[in-house]
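Per TrEMBL, the features are as follows:
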type	residues	note
BINDING	Gly19, Ser25, Ile26, Asp69, Val70, Ile97, Lys166	NAD(+) binding site
BINDING	Ala100	substrate binding site
Amino acid sequence: MEWGTDMGILDGKRILVTGVLTDSSIAYSVARLAQEEGARVVLTGFGRLSLVERISRRLPEPPPVIELDVQNTEHLDTLADRVGEHIDGLDGVVHSIGFAPQTALGGNFLNTSWEDVATAVHVSTYSFKSLAVACLPLMKGGGSVVGLDFDASKAWPVYDWMGVAKAGLESCSRYLARDLGKHGIRVNLVAAGPLRTMAAKSIPGFAEFEESWPAKAPLGWDLTDPAPAARACLALLSDWFPATTGEIVHVDGGVHAMGA
Ligand SMILES: NC(=O)c1ccc[n+]([C@@H]2O[C@H](COP(=O)([O-])OP(=O)(O)OC[C@H]3O[C@@H](n4cnc5c(N)ncnc54)[C@H](O)[C@@H]3O)[C@@H](O)[C@H]2O)c1
């Protein structure tokens, strides 16, 4: 027997991973590492499912892909049944979803319309609650819900209404932790440093902003490596944070802890 094959930190865990779009998606790394650590994974995909399916075939074990647009109530209402066709329950759920219209990003903060802000908050903030509640029927034995955050304790260049949506996500996570604790469900966020994914590339001016990050980080920071953020997600999904909920774990090379 190969050393370590039966020793994954997610051995026996059943994990739903949202947010795979490309192989640079944070969710893709989460799915890959989760499988390597012994988890059974189901993915949800948004929009062009054939694309997500193609990417998912690069994973160690191509998982089922289920359609989920978090703005679609029917998708949410039927999610547990559709996931249940592939797996008999869930021990973990990963929310790796964010979107804001172009007008809500890139320095247009004072002129963004409510409709565009509402879209950003619906997809990036409210959906954390929607997803957790939709998965509740499958989490009878308790479990762990993990979301991807970008530190919202400060105003950043160009991040604008996405930053406001993330501040909402941080608060949403604490309220979810309050209300799901009685079901044995932990709710936590990983606040990642900037990573060159589709979501990041679609923010005008993010490239210039992110370039200063590696120099500010005591540990340095690789803008092209989502693995550190993904590994933190795995840790929170595992049994090794049994008494932690409502928490934000920063995986940013240490930038959040530094002065200017
Ligand atoms: N890339 C970064 O710099 C960075 C840093 C910190 C946190 N994050 C967060 O990580 C998460 C994942 O983003 P990523 O950087 O991996 O980029 P990504 O573009 O690979 O992933 C974003 C995902 O959101 C999904 N999505 C958008 N609208 C949706 C909807 N209506 N319903 C369901 N899914 C929808 C997309 O399909 C995509 O899979 C996001 O919450 C993002 O804000 C990213």
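Cβ atoms are placed via backbone N, Cα and C, with glycine included.
A TrEMBL annotation is a machine prediction, not a hand-curated record.
Worth saying up front: this structure is predicted, and the values here are computed from it rather than measured.
If you take the C-beta of Gly19 (NAD(+) binding site) and look for same-chain residues 6 or more apart in sequence within under 8 angstroms, you find Ser25, Ile26, Ala27, Thr44, Phe46, Val94, His95, Ser96, Ile97, Leu148. Lys166 (NAD(+) binding site) sits 11 Å from Ala100 (substrate binding site), taking the C-alpha atoms as the reference points. There are 25 other CB atoms within 10 A of the CB of Lys166 (NAD(+) binding site), with all protein chains counted.
For the pair Asp69 (NAD(+) binding site) and the residue listed as 'substrate binding site', the C-alpha distance works out to 14 angstrom.
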